Structures are given as C-alpha cells and as structure tokens.
Amino acid sequence: MASAQKEEETRLLASRPASDSDESDEERAYDSEEKIVISISDEDEYAAAEAAGSVPPFSWRKLWLFTGPGFLMCIAFLDPGNLEGDLQSGAIAGYSLLWLLLWATVMGLLIQVLSARLGVATGRHLAELCREEYPTWARVALWLMAELALIGADIQEVIGSAIAIKILSGGLIPLWGGVIITALDCFIFLFLENYGVRKLEAFFGILVATMAVSFAIMFGETKPSGKELLIGVIVPKLSSKTIRQAVGVVGCIIMPHNVFLHSALVQSRKIDTNKKSRVQEAMNYYTIESAIALAVSFFINICVTTVFAKGFYGTQVASTIGLENAGQFLQEKYGAMLFPILYIWGVGLLASGQSSTITGTYAGQFIMGGFLNLRLKKWVRSLITRSFAIVPTIIVALFFDTEDATMDILNESLNVLQSVQIPFALIPLLTLVSKEQVMGAFRIGPITKETSHDVLNGTLVRWSCPNTQDGLAELCLIGVMKQSEVELQALTSRSG
C-alpha cells in the first residue's frame with residue numbers, strides 16, 4: 001500500500017510543469033543565480049525524510065533563511081489605505097470592530113498561504129500560470145483587471161507617502177511634490193535589488209520595524225483601554241452605524257496584487273520541486289513566516305485603531321478624520337508628551353507609504369512579466385510599472401491638494417475598486433491550487449477549498465448595506481462572480 005501511494009505521489013509530482021531551469025526562454029520571477037540556496041540539512045536527512053514520507057525536523061536557522069517573502073507580503077496589510085481604514089474605524093466605531101480586524105487578518109493569512117503554496121509547488125507564480133492555463137481573451141482580461149487593481153492601490157500608497165512628506169516638512173513640500181519624490185523610490189528598489197534578495201528583504205524589514213515602533217510609541221503615549229481592547233477583539237459587535245467602517249476594515253486586508261506578489265516572492269529560494277519532502281518543508285516554513293509577519297501587521301493595525309478610538313470616539317470631529325488631518329488632530333489632542341505625536345504619525349505613515357509603493361512596483365513587474373512573458377531589463381520594467389501609477393497619481397495630487405474631505409472620499413472609492421477586483425485574483429488562485437494537473441500531490445483538499453470559497457464570498461458580502469438597493473446590487477454581483485467562477489473553471493479544464 002505504501003509503495004503504491006509513493007508511486008502515485010511520484011506520478012503527480014512528475015505531472016506538474018517543468019521548473020524554470022527547463023524553460024529559460026520564458027520570463028521567471030527570479031533568475032537561477034538570484035535564488036537563495038537552502039543548504040543546512042544534508043542529503044541523507046532529506047533522503048530519510050523522503051522515504052518516511054515526512055519532512056526534516058524543524059530548524060530555527062532554516063526558518064531564518066526562509067524569512068523574508070512574508071514580510072514583503074504583509075506590507076499590503078499596512079499600506080496607507082489600511083491605516084486610513086484603521087483610524088476611521090477607531091474614531092467612529094471605537095473598539096467594537098477589533099474582532100473584525102482579527103478575523104479579516106486570519107482570512108488574509110489563508111489566502112496568502114494558498115498563494116505561497118501555489119508558487120512553491122509549481123515553481124511558477126500566479127500570473128505565469130494564468131498565462132499558461134487560460135485562453136488569450138481570458139488571460140488579457142485577468143491581466144487588465146490586475147493592472148487596474150494595482151494602479152488603484154498605488155494611487156493610495158503614493159498619496160499616503162506624499163501626505164507624510166508634507167507633514168514631516170511642516171507643509172513646505174506640497175502634495176504633488178511629495179508624489180514626485182515618492183516616484184523616485186523605484187531607483188532605491190533597483191539599487192537594493194542589485195545587491196541581492198536578502199538586502200532587499202532586510203530593507204523592508206527595517207520599514208516594518210519603523211512602523212511598529214512608531215505606532216507602538218503612539219499607543220504608549222495615548223494609553224488606550226486594555227479592557228476595552230480585549231473585549232473588542234473577543235466579542236463580535238456590528239451596528240448599522242458602523243457598516244461603512246466595517247467595509248473599510250475588511251476591504252483593505254486582501255489586496256489583489258498581493259495574491260500575485262506572494263506566489264512570486266516565495267520563488268526567491270531554490271527548492272527542488274521534484275522532491276516532495278523539500279516542497280512540503282518549504283510550505284511549512286513559509287506558513288510559519290507568513291503567520292509571524294501578519295501577527296506583526298495585526299499589532300500595528302491594532303495600535304492605530306485603538307489610538308484613534310481612545311482619542312476621538314464619540315467626539316464631533318470623529319467623522320472628519322482622514323490621513324491628511326489625522327496627525328494634526330493627534331497633535332491638538334495629545335500635543336508633545338514624550339515625543340511630538342504629529343511627527344511620530346508622519347514617520348509611521350512615511351514608512352507605510354514608501355514600503356507599499358516599492359512592493360507595488362515589485363508586484364507590477366511580476367504581473368506584467370508573467371501575463372505577457374516579457375523579458376525586459378529590470379529598470380525598463382520598473383519604469384513602465386511606475387509610470388502606470390505615477391501619472392494618474394500626479395493628476396490626483398494636483399486636483400485634490402485641498403483641506404476638504406474629497407481626498408477621503410477618493411480613498412473610499414479606491415477601496416471599493418479593490419473590492420471589485422478581488423475575485424479576478426482569488427478565483428484563478430482557488431481554481432489552480434485545487435487542480436491536480438497543476439499542483440500534483442499538493443493540490444488543496446475539499447475542506448480548504450470550501451473554506452477559501454467562503455472567504456471569497458465574504459469579500460463580496462462586504463458590499464452589504466442597510467439600503468435595499470445596495471442589497472440587490474450585492475446579490476447581482478455575487479451572481480455574476482459565481483458565474484465567472486464556473487466559466488473560469490471550465491476554461492481551465494478544457495485547457496488542461
């Protein structure tokens with residue numbers, strides 16, 4: 001029985017597409033010489049694990065070598081759009097939506113683990129697999145949807161970074177000037193990428209740490225209620241008055257471009273996809289790393305939400321707080337206790353904006369290269385990807401460089417755009433990760449698949465509003481997406 005099972009697993013592994021070393025003429029996320037070699041356990045240990053159908057024992061040193069992609073991925077959970085959702089949730093709903101933030105993060109972890117699983121098991125990322133599995137018209141449609149979602153996210157990220165620069169410069173640098181400065185971050189990205197994957201990952205680790213320290217200091221200075229925080233995390237509460245903020249909390253968590261990004265980032269480690277024990281081991285370490293990274297992002301989001309819940313919940317200004325005026329409201333409320341809280345907010349927001357815009361550039365490279373199979377020099381691809389977002393962002397900055405609430409309305413509209421685009425990333429992911437011809441022995445089981453479908457339905461349900469007309473729109477949208485899923489699955493089956 002064991003021998004027959006092993007033969008079946010070998011057949012399924014062999015049925016997967018060849019690794020990147022076999023198809024050097026195609027675009028790949030990382031060239032072979034760029035990948036990090038995981039070489040701690042000896043061959044005898046792996047051979048014994050393979051024979052026993054298990055993986056080598058856990059190693060902290062090996063976990064460190066796998067650490068990196070998850071922290072780049074978690075930045076999408078900390079971008080300026082998320083921070084705005086957090087502060088509005090805290091100011092208007094108080095501590096009552098912290099439970100939703102927790103479960104939205106858990107929901108996001110499930111999706112990101114599936115994305116990593118797809119990348120590790122196949123040696124290809126989601127955009128490449130969409131190119132291979134779908135016909136031309138479907139591939140082009142998915143690519144356009146991914147690019148549209150990326151542009152919408154990038155506008156929020158660049159604007160957030162520009163607002164931070166305006167705060168830290170004391171208003172001397174206008175919003176459009178901050179956009180220009182932020183546009184140059186792609187050169188920082190290219191400079192670091194030339195020095196290797198680990199240097200790039202270390203840079204992003206520093207930015208995440210900067211956010212954690214900045215917002216932890218804010219938390220310490222404002223001293224939110226620990227009891228109310230705990231109750232908010234544990235006890236689910238939702239009222240008709242906080243529906244809009246609930247939509248904002250969940251709407252910012254799962255970013256379409258992040259699903260594509262994570263499946264590519266995990267390929268920065270050199271893994272023999274023809275050996276089951278090595279593939280399974282990589283999946284295990286990436287799952288642990290992703291959980292740690294999202295735990296850090298959850299802590300940061302909790303800090304932001306509770307700071308604004310403590311300071312502004314129930315006040316007359318609660319509904320008027322947005323990214324641009326949040327720092328000023330904090331300064332007026334708390335002043336300079338240990339540190340000037342306005343500049344603490346500005347530093348955290350700048351780290352959020354800079355890190356997310358650079359990862360957006362990174363994601364844009366993978367999406368464009370994967371869908372179109374473009375083998376361009378990195379600086380050319382970065383310039384093209386950056387231009388897609390910077391041009392509309394400069395227009396936005398020039399038009400909305402005001403003190404009214406128009407910028408916040410724009411951010412809310414962009415969050416809705418992300419919501420609409422999510423199924424165009426999740427449906428191909430769930431279809432491919434459950435397909436035996438693609439995943440071999442590592443395809444997901446029916447329980448995981450159904451749970452993931454519930455996550456997808458949950459992202460659609462966030463359109464829910466007390467208004468009957470909006471409810472009908474939600475039902476129509478779910479019906480359209482269900483039909484799209486059936487059609488995409490049929491296309492995949494035919495192409496397989």
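Backbone N, Cα and C define each Cβ position, glycine as well.
As recorded in TrEMBL, the features of this protein are as follows:
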COMPBIAS  1-11  compositional bias 'Basic and acidic residues'
REGION    1-33  region 'Disordered'
TRANSMEM  92-116  transmembrane segment
TRANSMEM  167-190  transmembrane segment
TRANSMEM  202-220  transmembrane segment
TRANSMEM  246-265  transmembrane segment
TRANSMEM  285-313  transmembrane segment
TRANSMEM  334-352  transmembrane segment
TRANSMEM  383-400  transmembrane segment
TRANSMEM  416-433  transmembrane segment
> Among 167-190, 202-220, 246-265, 334-352, which stretch has the most Cβ pairs under 8 Å to the transmembrane segment (383-400)?
Replying inline: 167-190
>> Check for me, if you would, whether the transmembrane segment (202-220) reaches the transmembrane segment (92-116) - at least 3 Cβ pairs under 8 Å, residues 6 or more apart in sequence.
In response: no
> Looking only at residues six or more beyond either end of the transmembrane segment (167-190), which have a C-beta under 8 A from one in the stretch?
Replying inline: 158-159, 161, 200, 327, 342-343, 345-347, 349-350, 353-354, 357-358, 361-362, 378-379, 382-383, 385-386, 390, 393-394, 397-398, 400-401
